[in-house]
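Below: one structure, written as structure tokens.
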Amino acid sequence: MSDLVPLSRKPAPAAGDPAPSPAAPPRKVYVHTFGCQMNESDSDRMVELLGRHAYARAASADEADLILLNTCAVREKAEQKLLSALGRYREVKARRGALIAVSGCVAQQEKDRLLARVPYVDFVFGPDNIARLPEMVERARGERFAETGWMDSEEYVFPRADAEAARGRATAFVTAMKGCDNVCAFCIVPHTRGREVSRPFPDVVAECAALAAVGVREVTLIGQNVNSYGGGCTFADLLRRVAAVPGIDRIRFTTSHPHDLSGALVEVFRDEPKVMPHFHLPVQSGSDAVLRRMRRDYSVAEYLDRFDRLRAARPGIAITTDFIVGFPGETDADFEASLALLERARFEQSFSFVFSPRPHTVAAVRLGSAPEWQDVPRDVAVARLERLLAAQRRIAGEILAAELGKVVEVLVEGPSDEPGERLGRTPENRVVHLTADEAAAPAGARVPVRITRAGGSSLSGTLA
């Protein structure tokens with residue numbers, strides 16, 4: 001006799017019974033993301049988690065039932081930017097009864113103080129608490145609270161991407177690790193993201209395989225310091241394992257600390273064509289004296305040794321960097337050394353900012369405490385930044401102009417903002433506006449493009 005129990009059938013509705021009510025429409029969540037690629041990835045994970053609980057992503061805050069502000073605390077005025085955005089969403093809360101939550105690094109930094117300062121924020125949570133977001137949303141319907149505790153590394157669970165949400169996209173972020181164990185004098189990340197925790201390599205590889213199965217062709221492995229990855233293998237080994245995933249054509253990663261750049265990683269750039277010829281290697285300053293105060297654990301000569309080994313291993317590699325100008329005690333000679341390094345390295349791009357003291361950092365504590373820690377006047381720092389940016393614009397323009405007439409491979413990501421154009425990137429991560437329609441250049445396709453125009457920060461071309 002079969003063990004199967006037949007399913008009972010619901011009786012047919014009698015004549016005149018009311019029709020069943022339609023399913024309630026999904027609630028909507030709007031996410032305002034500030035800052036880095038880690039935050040972009042975290043925002044996607046939050047939307048995916050809520051999607052399993054009947055939430056859909058809203059196109060604007062005006063139609064949202066839940067507004068999430070995922071914040072960044074790396075630069076100055078982070079708190080002011082958050083408060084300005086919160087002010088704009090206050091009316092939506094009053095009109096729709098929407099919940100408002102603040103996550104990310106400012107949330108981790110401010111904790112309960114943010115709830116006291118902004119009475120219409122319903123809850124605050126730090127990066128370690130993302131996996132609990134659905135239950136926090138329900139809890140917020142009855143109370144205001146802050147969840148900013150750290151999880152032990154053994155307990156931490158990396159939110160896994162929903163591959164189906166990436167269907168139709170050419171690229172995706174994959175989290176390899178979180179946190180940072182370095183204590184750079186200017187950086188708040190160890191205070192807002194916690195200690196380093198590496199994701200086990202089988203999980204990283206499995207997520208890349210799932211993404212490849214729905215059409216993703218490029219993955220970017222992300223973490224605050226991926227060079228120190230330790231999820232059961234080295235970072236160089238992890239790159240090789242991801243490169244073996246069928247369907248993944250391109251691999252990128254960010255961010256790296258020069259001190260942790262290994263010879264094995266350089267060899268991956270030499271040997272593995274799927275690892276793209278682009279490396280973001282933040283230097284911060286061209287002065288050894290400033291680097292020592294920054295606690296960067298390398299000299300300019302050591303940085304350039306790693307830089308030159310990358311260039312030798314992968315000729316034509318595009319190397320980008322970060323600079324901080326006006327760090328406490330920076331002299332004219334220190335700044336000129338940064339300019340000289342920029343000219344020598346000819347970075348593809350540099351993300352450069354005036355120093356701003358961040359809470360709890362060594363630089364904030366020691367600012368003004370000794371002659372070598374004296375603040376640089378704001379007007380002096382701004383003038384230095386303008387000179388550095390001008391030099392970088394010139395160098396970037398020269399690099400892009402050298403691409404004119406060349407045929408390059410472009411991975412198409414989707415439509416451009418301009419009608420009749422598609423948007424994509426070269427292996428070196430240069431943005432290309434391609435004159436073509438979707439049929440000729442669908443998302444995920446790698447197409448040959450002849451470069452016909454070089455702008456200040458991007459290229460344009462036609463199918464070759």
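Including glycine, each Cβ sits where the backbone N, Cα and C put it.
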>> Between 1-25, 26-50, 276-300, I'd like to know which one Swiss-Prot lists as region 'Disordered'.
In response: 1-25
>> Going by a 10 angstroms cut-off between Cβ atoms, which of the binding-site residues C36, C105, C180, C184, C187 has the sparsest surroundings?
In response: C36
> Taking the centroid of the Cβ atoms of C36, C72, C105 ([4Fe-4S] cluster 1 site), which other same-chain residues have Cβ within 8 Å of it?
Replying inline: F34, G35, M38, N39, T71, A73, V74, A78, G104, T192
> Residue counts in helix (H, G, I), strand (E, B) and coil for the domain 'MTTase N-terminal' (27-142), per DSSP?
Replying inline: 63 helix, 24 strand, 29 coil
